[in-house]
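As annotated by TrEMBL, active site, proton donor applies to Glu136, Glu390. Here TrEMBL flags Asp282, Glu434 as active site. What TrEMBL records for Thr526 is Ca(2+) binding site. As annotated by TrEMBL, signal peptide applies to 1-19.
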Amino acid sequence: MVAALVVTLLGCAFQVAAATPGVSTPYRHRLPRPRDVRPHYGGSPAQYVVNQARADAVKQAFQISWDGYYKYAFPHDSLRPVNNTYYDDRNGWGASAIDAFSTALIMRDWKVVEKILEYVPDINFDNTTTEVSLFETTIRYLGGLISAYDLMTGPLGNQTYDTRYVNAVLHQAKRLADNLKVAFDTPSGVPDNNIRFGPPRKTGSDSNGIATIGTLVLEWTRLSDLTGDPEYGRLAQRAERYLLEPRPKNVGEPFPGLLGTNVNISSGLFLDSDGGWGGSDDSFYEYLIKMFLYDPVRFAEYRDRWTLAADSSMEYLVSHPTSRPDLTYLAMWNNRTLQFVSEHLACFNGGNFILGGLTLNEPRYVEFGLELVDACRNTYISTATGIGPEIFQWQDSRTALNASNNPAPPNGQASFYNSSGFWISNSGYVLRPEVIESMYYAYRATGDTKYQEWAWDAFLAVNRTCAVGSGYSSISNVNIPGGGNYSNFQESFWFAEVLKYSYLIHAEDAVWQVQADHTNQFVYNTECHPIRIASGYERPPFS
């Protein structure tokens, strides 16, 4: 059983790890939803409040998670905290260690940094017995290594590192990409997401999705910029071209800037007109604006495509539940028929709209993003655990009631829907970050401390529900007290994303923090690894 950590804040005791049996659950205050706070974005820097006690509490949760992983699972991928074993879900290269790397650096947990830094040269990226996902390997391993290198050769370069180990971080990133690049060896250049090593080879997939095609360009371009080898960026950018110019247009682009999901690997042609801001599509849209932030000269076209997608979303996809018209969600689509369903994964969209608005000096995107953040926060405060579900639905207020694409809530959830504005289609929670992520962007845009309170409440809810054994686990049902059953699995992105966003929103200002005044020096990949932006910050390897 994880020991309980209690932090005293403002005279109140907040429990920050698993509740001890027999001890009452601490009070989790629910704040009102004020709408009269004037945001700070739009020119003048936001004023931020450091809450060191909360930041330290998140650091302790990180330490608990790391200690369990290091004792029972390292150097394997992931911890099974209930029975103190491990699972190699990401090819056995130590996914949790690499996902924890940038978080440990930002938290200045030098003991953990040292352990990971010494481990990196020993990873054998030439061999694995399991299938390799180009997408997952890019965002977790490649992104994690590049981010650590950027931090250690940039703002954290004043620490005493063994330069051989620092050089090895970039060398290993290059070694991994050299093995992965076989995925792009297709007639069109659209990669096969599923490959094998020993030797590197494709598996012969027929299609790939826009998220798994379009969430490579940041990491692979950055690797080219760091190494001086243009091939990596060229491969990812060539694949991205099929998404920037979708064909056939009547299939691939059902709304301006909004695409179908699946692309034929041989021809580069779209196979369907179904999509959304959720899984299989999400991070394609996310990276459009982030590539422009990374380098506005080379990637101006990406800005234009993001703007087109954002405007279409606001025009065609906005939906308000019949029972809670104050909430704003984005629908998914099947051809041009809207589907009133969303996911925890899609709740990154509020933060992405906010980042787009900040980057482009467009307050309307920020304001819309804040509406999306409000609605996703509502999925948290409405459940028995205070955590939002994996998938949820609602009945749209502007579509004919009980139309084939607009059903009423199922039996047993009508009362819940009437009060909450959604019903639950999948009740699980797999340690996902997206709601806290968007709260972080909302806070950095506005300086409004209510977003710190919301993120703290969310962190406490996750902490007291998911802490078990030697770490934290996914749960089966967010809407029953205690969260139902544990899956006995601590995701590697728990280290990279949930804990990092939960820390950053309370921590001191730093160059890796999102800035509201166009002074950004980093942009976060979809795994929350900070990548240093390209404008003059490239540097050769340590010497």
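Backbone N, Cα and C atoms are what each Cβ position is placed from, and that goes for glycine too.
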Pairwise CA distance, Asp282 (active site) versus Thr526 (Ca(2+) binding site), rounded so that it is a whole Å: 10
Other C-beta atoms that fall within 10 angstroms of the C-beta of Glu390 (active site, proton donor): 18
For Glu434 (active site): intrachain residues, at least 6 apart, with Cβ closer than 8 Å: His344, Leu345, Ala346, Cys347, Phe348, Gly351, Cys376
Length of the line joining the Cα atoms of Glu136 (active site, proton donor) and Glu390 (active site, proton donor), in Å: 19
Least Cβ-crowded entry, counting other Cβ within 10 Å, from the active-site residues listed as Glu136, Asp282: Glu136
Glu390 (active site, proton donor) and the residue listed as 'Ca(2+) binding site', Cα-Cα, nearest whole angstrom: 18
